[in-house]
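Q: Feature table excerpt (TrEMBL):
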SITE      Arg17  site 'Transition state stabilizer'
ACT_SITE  Tyr22  active site, proton acceptor
BINDING   Asn71, His77, Asp84, Ile98, Ser99, Arg108  substrate binding site
ACT_SITE  His97  active site, proton donor
Amino acid sequence: MKILIINGPNLNLLGTREPEIYGGKTFEEYFSHLQFKFRKLELSYFQNNIEGEIINELHKASETFDGVVLNAAAYTHTSVAIADAVKAIAVPVVEVHISNIHAREEFRHKSFISPHAKGVIFGFGLKSYDLAISCFIEDES
Ligand code: DQA
């Protein structure tokens, strides 16, 4: 099973960006942990700060991957275009957030993506990604 993790804007700064909210690990460090933990799966990772690049990757994912774990970061709350892409593709998308977006500013409570996602996981720190990947494994049995 092939799973693609897509991280949106500013998530390349994990480790140094607001560590009290997002923790002190880089995503690259965490990705190594995920690859080991889910070594029976084929995990890939893509990060981009540009909305259109994320959309292009979602379109491509449809052809190659069995599932997508998407943290669109701030675009979650603003991007009709990313939401439309999630709706348009056949591959299931699990939306994740590191922080509990409902415990933060009101503008973070709205997600354009959630209505089109297979499910949403947020608030567990980087463990949100583990939980999202696990959803796809359970689908297999
Ligand atoms: C985030 C939450 C968003 O509101 C924020 O803009 C991010 C990260 C999270 O993972 O908690 O960049 O998606």
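Glycine is no exception: its Cβ is also placed from the backbone N, Cα and C atoms.
Fair warning: this is a prediction, and the values are worked out from it, not measured in the lab.
Surface or core, plus neighbours and distances: that's what I need for these features.
A: Within 10 Å of the Cβ of Arg17 (site 'Transition state stabilizer') there are 12 other Cβ atoms, across all protein chains.
In the three-state DSSP scheme, Tyr22 (active site, proton acceptor) falls into the helix class. Using a 10 Å radius centred on the Cβ of Tyr22 (active site, proton acceptor) and all shown protein chains, the other Cβ atoms total 19.
There are 17 other Cβ atoms within 10 Å of the Cβ belonging to Arg108 (substrate binding site).
For His97 (active site, proton donor), applying a Cβ distance below 8 Å and a minimum sequence separation of six or more within one chain yields Asn71, Thr76, Val120, Ile121, Phe122, Gly123, Ser128.
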Q: Checking proximity to ligand 1 here: which recorded positions out of Arg17, Tyr22, Asp84, Ser99 have their Cβ closer than 6 Å to it?
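A: Close enough to ligand 1 are Ser99.
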Q: Could you check the binding-site residues Asn71, Ser99 and say which one's CB has the most other CB atoms within 10 Å?
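A: Ranked by Cβ atoms within 10 Å, first place goes to Asn71.
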Q: Where His77 (substrate binding site) and Arg17 (site 'Transition state stabilizer') are concerned, what is their Cα separation in Å, rounded?
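A: Arg17 (site 'Transition state stabilizer') has its Cα 19 Å from the Cα of His77 (substrate binding site).
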Q: Cα distance, Tyr22 (active site, proton acceptor) to Ser99 (substrate binding site), nearest Å?
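A: Between the Cα atoms of Ser99 (substrate binding site) and Tyr22 (active site, proton acceptor), the distance comes to 7 Å.
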Q: Looking only at DSSP and grouping its letters into three states, which state does His97 (active site, proton donor) belong to?
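A: The residue in question, His97 (active site, proton donor), is strand (DSSP, three-state).
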